[in-house]
């Protein structure tokens, strides 16, 4: 009998994807196959090639010819004999029972189906694994839907907020420039998530072990850069606000370019190093695996930024406590505590303080809870930041009302702008009264006014 024809080229991709889904919640399988699993799949490819070459060299027999069934090479066998082989080695990674065998019988009609059943059942992956696979599929689809909604809302809100801060010149100042860069980092992060999902899940590049395409790797590199840049711009927000409160006098223009370097330059440095190292040492798959020592090139700077921002957050809350403390100790006044609570809640999304909850836990600790918190809750952070620091900002609302009154008057009364009375100040007055002109007052008054501009909702 003739040997079976080779399986389609994408069969190994399907095998890798199925094995990844079957293992469900354990951390490594949630994102892709590790190097050990990839080694097994590579071994299967080698065995497949060797089996087909040997089958072509063998003479025709009256029994069953050598056959490759996508996992095991069955030797040429006379009719009437049963061949018993051990389960493929790859099943030992996730089957609790070891030492299981599979068999086929050579008959006049050829090889019989696999006994005692298909590989998943015969080698220890039974209904429990299938049920787990189905549950995890539902869970991951729900998570993907959740963060897709969150990033979509954030993207829409951030685009509008960035346009507002960019178009109205009276809102141009260092503080709002930093806000705009933070908004842009959130926009890039949301966009990169959609591109990565398109490259990894909505395309045929599901094999995490073969050499991925340049486009797929580029999508992952872009995603990692945007995520790191977003964390570093959260750090810049913390550094800027802390500097306003702690430093008597400083050049905002000089510091601003330093903030630009921290927000965009530092992440690009780490990502370039990570990219070069992966090309030389782990250039397999689509670079979406995170369970190797190389992942710390990205993870360590992000953890450091989260920790520093949390420390800055605690220090700023301490300054708030001092500033909002009632002057009369004997007087009972709940207003300062209410303002402190509002200020704290206002700063949490700006500093990304919520990330500290799971930042220093192992990746496989409460993996599903961590995934929901970081992916779904984190996806709405950009929307919350845009609402708090643009749409609910007093300066923005005042400028929008002023523009609306002018447009309304021009539309209803036909007024021309050249006949309008000049505004009370030049472009940028709104921000200059909040930040730039603070250099003309005492350090304590300057720090107080600047901070009040940040927490104008309180």
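Backbone N, Cα and C define each Cβ position, glycine as well.
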Per Swiss-Prot, residue 141 and residue 367 on one membrane face:
yes
Swiss-Prot annotation (transmembrane segment) - matching range among 102-123, 256-277, 410-431:
256-277
Can you check which of 57-80, 369-392 Swiss-Prot lists as transmembrane segment?
369-392
Cβ neighbour count within 10 Å of residue 64 (disulfide bond):
25
Given residue 51 (disulfide bond) and residue 70 (N-linked glycosylation site), what distance in Å do their CA atoms have, once rounded to a whole number?
11
Recorded stretches the transmembrane segment (369-392) and the transmembrane segment (176-197) touching, at least 3 CB pairs under 8 Å:
yes
Fewest other Cβ within 10 angstroms of its own Cβ, chosen from the glycosylation sites 70, 101:
101
What stretch of 176-197, 218-242, 293-317, 340-360 shows the most Cβ pairs under 8 Å to the transmembrane segment (256-277)?
218-242
So if I draw a 10 Å sphere around the Cβ of residue 59 (N-linked glycosylation site), how many other Cβ atoms end up inside it?
6
For residue 286 (disulfide bond) and residue 70 (N-linked glycosylation site), determine the Cα separation and express it in whole Å.
24
